[in-house]
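According to Swiss-Prot, the FAD binding site annotation covers 36, 37, 38, 39, 40, 41, 42, 43, 44, 45.
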């Protein structure tokens, strides 16, 4: 008789990657358990990352909209809110998402195991529960989907009450008047938008020479300008020498000799995979210096019955991609190999204020590859829908091949950019001659809409040809 604690597959981690894998496996008829170290499902994406930061950003953008609209803001009075005030909105969304995801497991008869997992042999794990008790479970196969956490350098005192990372910032109790954000990646830039939108004096320290250098240069420059225009102080090419917590704030000493002081500091420079507590050495696996695992096209690690997906395998480290990887690994386990793979051009959504989204090549990449491309642009300020909504900051840029008219890249900066991008992405994904900028000229768009930006940009680009 089969052991009661034995499963076909055990998934470790209930974030997007783990959820995608568990749902795919249970729907294929396998007996699946999923281990979650926290008290509720969803992983870092739901509780500390994507969901709360975007909920905070939405609340702040609505406050900005209210204060900039003369219909609402009269007699020179403005609506003010603190970080603590808007955290309530984020927690409401987190609770809704958690209940929704809990329902997925309940309806699909997927066993939930709460506790911290570690391997004890190649086919068994021990799960340490909150009360200190440990239970052993075995499986034919495992999927590691433990995600990542903020990188914490050893010389920074994260126990100090004024020094935070992107997880602990959600437990911010006081209301700072001045914040230093160290690290100007996606997370750092998003939180810079949030805090500056709340009227908090914000210093953004960038270890690179430009913001989000993987973006198209024009988009990166646009973000830098809007940060500057809103009062964010950006310091590029800087590295900390020492971060010193004081009684009522933080002082950061930079290697360039500069010193800065603020009420608190958010350290947002890098992430590391959650593999250190898995006892990987027991099964013959080893993570790299970033805590990440290497996998093949079927998401198998060096141990063929142990798979890994999501942040724990590195690029692209996106919630959307992690869920797809989870679905693909379910195919690999049930059918011998994955039937689908991540698309080549994965869209990027960055929830700054204004929003940013890109898919495909940048101008600098096309120039370096000597591709004969042309540019089509549409400014939001010229769109009727943007004027009506008072959201006239931003633009859409389409990069296309001069000869074939093939769309090579799309870059959007402004309100709803992450939604707008998918219209162009759908055309880019078409095969052969179906991927053409002329589609947008020959298609009727609703009017007025933000989607009309595609028609305007297409006409603008085609008019440049000769």
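Each Cβ is built from the backbone N, Cα and C atoms, and glycine gets one as well.
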Comparing the binding-site residues 36, 38, which residue's C-beta has the most other C-beta atoms within 10 angstroms in this structure? 36
Let me check the 10 A CB neighbour count of residue 42 (FAD binding site). How many other CB atoms are there? 25
Of these binding-site residues, 40, 44, which scores lowest on Cβ atoms within 10 Å? 40
